[in-house]
Amino acid sequence: MAGGGAAPPPKQEELQPHQVKDQLPSVSYCITSPPPWPEAVILGFQHYIVMLGTSVIIPSALVPQMGGGNEEKARVIQTLLFVAGINTLCQSFFGTRLPAVMGGSYTIVAPTISIILAGRYSNEADPHEKFLRTMRGTQGALIIASTIQIILGFSGLWRNVVRFLSPLSAVPLISLAGFGLYELGFPGVAKCVEIGLPEIILLLVFSQYLPHVIHVAKPVFDRFAVIFTIAIVWLYAYILTASGAYKNARPKTQMHCRVDRSGIISGAPWIRVPFPFQWGAPTFDAGESFAMMMASFVALVESTGTFIAVSRYASATMIPPSVLGRGIGWQGIGTLIGAFFGTANGTAVSVENAGLLALTHVGSRRVVQISAGFMIFFSILGKFGAIFASIPLPIFAALYCIFFAYIVSKLSMPLFAGACGLSFLQFCNLNSFRTKFIVGFSFFMGLSVPQYFNEYTSVAGYGPVHTGARWFNDMINVPFASKPFVAGLIAYFLDNTIQRRDNGVRRDRGYHWWDKFRSFKTDTRSEEFYSLPFNLNKFFPSV
């Protein structure tokens, strides 16, 4: 062009980091916005199906060692489901008010096995009588153990501990609450790989690929992927069983692959309402109670991380410490209720159901309350509930591969990458060497220390701490075998002791981002998400 120079090159778009979000976007239904009733019922049933895995795995591992048969195993599963339904309703109405499913706890299994192996039960010749005596001993230990959660929660002590939690120290705790359960994933799938692997593949296809290939008015494939895939693989497993594919297989293979080998359907009654002290009056032993109290404390720490993850996936703000303490107190009441009814297990937030919130993008409180109704309903109608409980366990292990990963990080949508656990690093300065050290060291030790304790136990048959007092051994071995507990403890200690008073460090650890959530009344959204129903905040105010 005459008289003019060459046009300047187009200005390159300046790269900007992703914006920090207090609440997780792209959630279809948040904690206070329920989906339509038909959709809510189906989603609630889906949560019920997912929590069946833990409810079946724990009794299936414990009851035979206690001396019980298929009938006792079916009754314990029914009781665990019944209590889980009650505890989930209590937590959603009076506890944290989050859409958290309260199920069994794997942490409680180790001290329960110690009770089973106690000398005073080993001489019992009658298996049924041994089962009853062992169950009563477990009930007594759990009754005492529940008090530590109740006291720490309702007294405000745990609230004061959580006030010092920053996004930086929360990352290892939350991440390893899911990642630390990796041994329940593919190792369980591999027990019947021809059933477990198709479940993983189909769940990936339905939840991650089909929604972007087949466009429909409402999200169907990703939201109901669990029901679709379980139905397909369960039918496939039934065809394999009916065709005689496992006729000459090893007994262990038949147990994991066949749909008719769990013994739950034959052992379940048609109709039965679980009731307190159905196994008899609890018995108490001081040493076993101390060991169970330590396991209860570890379960409390693990649930703290999962509660924070649930609040994120429900698109709520960071849960205030006073509300978290209230939830821990109700978790203790849930453990106490389970001890009264005789579940042989404690209560903890279900990690797999937290992952399901992420998969479906539905964090509605009503959906989880409906799932609690399914738990109670099918626990009373024993035969019908046993049909669903007889789903082969490798299918549940396949679900865990997806759901536990969601607690570590969530990468389900092409335009958005949020995270639970790792996502809280968005509040931290990742260019700080202090941040890098605390995250890296706590992650490494959170995996390495429990690995040592678990490997030692699998080889020697007992933990590294091995004295004549079994209860003392459990008090040391159980917490250090928990990955989220070790990682969370190390991160919490380092984050609150290394250069804590430096103002720059305060920003590096992301502590300032949670300032407005450390008190219930500082942020108006806390009232919307966490206030008690029926105007109960007047009588039980949160601080």
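A Cβ is built for glycine as well, from the same backbone N, Cα and C atoms used for every other residue.
Checking the ranges 164-184, 332-352 against TrEMBL, the transmembrane segment annotation falls on 164-184. Within the same chain, the transmembrane segment (164-184) packs against the transmembrane segment (437-453): three or more Cβ pairs sit under 8 Å, each pair at least 6 residues apart.
Two recorded stretches are said to be in contact when at least 3 C-beta pairs lie under 8 angstroms, sequence spacing 6 or more; the transmembrane segment (100-119) and the transmembrane segment (226-246) fall short of this definition.
Here the transmembrane segment (76-94) does not touch the transmembrane segment (140-158). Their Cβ atoms form fewer than 3 pairs under 8 Å, with each pair 6 or more residues apart. When the stretches 45-64, 196-214, 437-453, 476-494 are ranked by Cβ pairs under 8 Å to the transmembrane segment (367-391), first place goes to 45-64.
For the transmembrane segment (437-453), the partner stretch with the most Cβ pairs below 8 Å, chosen from 140-158, 196-214, 476-494, is 476-494.
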